[in-house]
Amino acid sequence: MKSGRFIGVMSGTSLDGVDVVLAAIDETMVAQQASLTWPIPVHLKKGILDICQGQPLTLSQLGQLDTQLGRLFAQAVNALLAQQRLQPRDIVAIGCHGQTVWHEPTGEAPHTLQIGDNNHIVAHTGITVVGDFRRRDIALGGQGAPLVPAFHHALLGHPTEKRMVLNIGGIANLSLLFPGQAVRGYDTGPGNMLMDAWIWRQCAQPYDKDAAWAKEGQVILPLLQKMLRDPYFAASAPKSTGREYFNYGWLERHLAAFPGADARDVQATLAELTAVSIAQQVLLNGGCERLMVCGGGGRNPLVMARLAALLTGIEVSTTDKAGISGDDMEALAFAWLAWRTLAGLPGNLPSVTGATEASVLGAIYPANPITQS
């Protein structure tokens, strides 16, 4: 089995930066050693948002964005190597999720598309890359997402305690870790995505720091109820979603019935939407003893307070309390998935994604032996 140092690279739906994590991994442990977040330039962020919202673009523009993101991911990896004074030969492989620009796992031709050319990452780092993790699961009839519940189970599963792990990124997803039961998990709906989109349009701020703006507003109950009637929330698992569905256009359609709504009230309502839609799914699955939160939403004090209030009797805390950085969880998961791919081990859980079978995931982009030796 391949073991040693791996690097995980994650650029999620929040677009708040490229998370890069260094970890030592083998069959018995995942030990995080270092991490950093690398900024995404404004022009790349705009290009990603345009695609995700269905804006037309040429194949040339898509190809350029693919290349530019691959180079950006390589820069982020090289920055971590320099920070830690490591050489390419010190790293077994990079697990790179890529940037999701479209996710449509149902219909006549299910598909998902992550860009950020892995060939450029190999060329500019000299390290083997494992990427394209989601499409094998979709080819096997699955949703292609979420993939992190398997990692949550490996790190945070407990033999007797009924736990759930909640990742609040752009989209929120829930992992159900119940003793004696198959792991389940799915996307509950919007996490930070709509809150970030609204404050960006209104205030040109990337996110609502400490929920300060939302705290100034009041929840618009009819708007909240209208949004919660979206059929996605009532759909049965397995299910997954993304920015191609819960985007600014989705929000605008719901706001059309509320002309003149105060911008701060809308922000407060979006925070409540995230908390309520998550809490409903926690309770629908019978609750748990401990809800462990990771992702950027774990730093939103309003969302965290509302979850605690809506889920009385459940301990709501971040994964940091368990010794695992909530900010680095997803990048760490893809480092682990790269290890599993190189070890010939399956990376998906059919009980989560709905795939017909467990499978080794991803494609391997080998480094030239002369550079990784």
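Every residue gets a Cβ built from N, Cα and C, even glycine.
Owing to the predicted nature of the structure, the values given are computational and were not obtained by experimental measurement.
Listed features, source Swiss-Prot:
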- Gly12, Thr13, Ser14, Leu15, Asp16, Gly17, Val18, Asp19: ATP binding site (BINDING)
Binding-site residues compared (Asp16, Asp19) - highest count of Cβ atoms within 10 Å: Asp19
Let me know how many other Cβ atoms fall within 10 Å of the Cβ of Val18 (ATP binding site). 26
Surrounding CB atoms that lie within 10 Å of the CB of Ser14 (ATP binding site), all protein chains: 21
Are there any residues in the same chain, six or more apart in sequence, whose C-beta is under 8 angstroms from the C-beta of Gly17 (ATP binding site), and if so which? Ser11, Thr37, Trp38, Pro39, Ile40
